[in-house]
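Encoded as structure tokens, the structure appears first; notes follow it.
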């Protein structure tokens, strides 16, 4: 039986494709069982290289089966088909953080603090459970229709991590969100990589632009070492700027832990920027 026919028999009606990767695509669908809209990630293991099938995909599935957090995407079920396809049925989202930034120009201070607090809390949960994401970026942060609640998604580069000296060597994620040590090919602490990526996400949220020009990847670490600049005329609190500076420390050991980020004073502050 084909995968699409099986899904139909299980009460799913597939809709349009809303995302596509090298070996997978994400489709929106309606579900009789879950009485509403869901997202279904379709993974074609026949087209994927052995490294993906034997290493990265099992890690992703293990994480998705084990995590339970209000700000991490929830998976309803996994459907395996004999033709090599795997269907991952999960929560659907109205939009993502990148689309919200592009639509609004930037995220206002109080809303940015609310959303970033949720993101930081989810990353803290992962790290407390010895898990890392390694591909945190605005398009992997899903948003509710009112743009007040987040869900972190896409654990394709996720893995277990127990901290130093349990270092990673795989280049993961997008260059624009990658930390200096990852770009330089140095064995890295993946938790500190996640923290760097949090800094990039926060900068994008509050400014509407990337902190570093990534058109020349070879020169990117040099620009990262110089630190960030802010657009002229941008109103942003010093507490927020200070948090961004902490997250984007060139030296991994100088960056805070995810737990320290979640407790940062700006996230509890009453100022608007």
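The backbone N, Cα and C atoms fix where each Cβ goes, glycine too.
Residues 18, 19, 20, 21, 22, 23, 24, 25, 26 are given by Swiss-Prot as ATP binders; from 5, 41, 55, that same site also lists 41. Here ATP is bound by 18, 19, 20, 21, 22, 23, 24, 25, 26, 41 per the record. The longest Cα to Cα distance in that group is 14 Å. Reported as a whole number, the C-alpha separation between residue 22 (ATP binding site) and residue 135 (active site, proton acceptor) equals 15 Å. Non-local contacts of residue 135 (active site, proton acceptor) by the CB criterion (under 8 A, 6+ apart in sequence, same chain) comprise 154, 155, 156, 157, 158, 172, 173, 174, 177, 197. Among the binding-site residues 22, 24, the residue whose Cβ has the fewest other Cβ atoms within 10 Å is 22.
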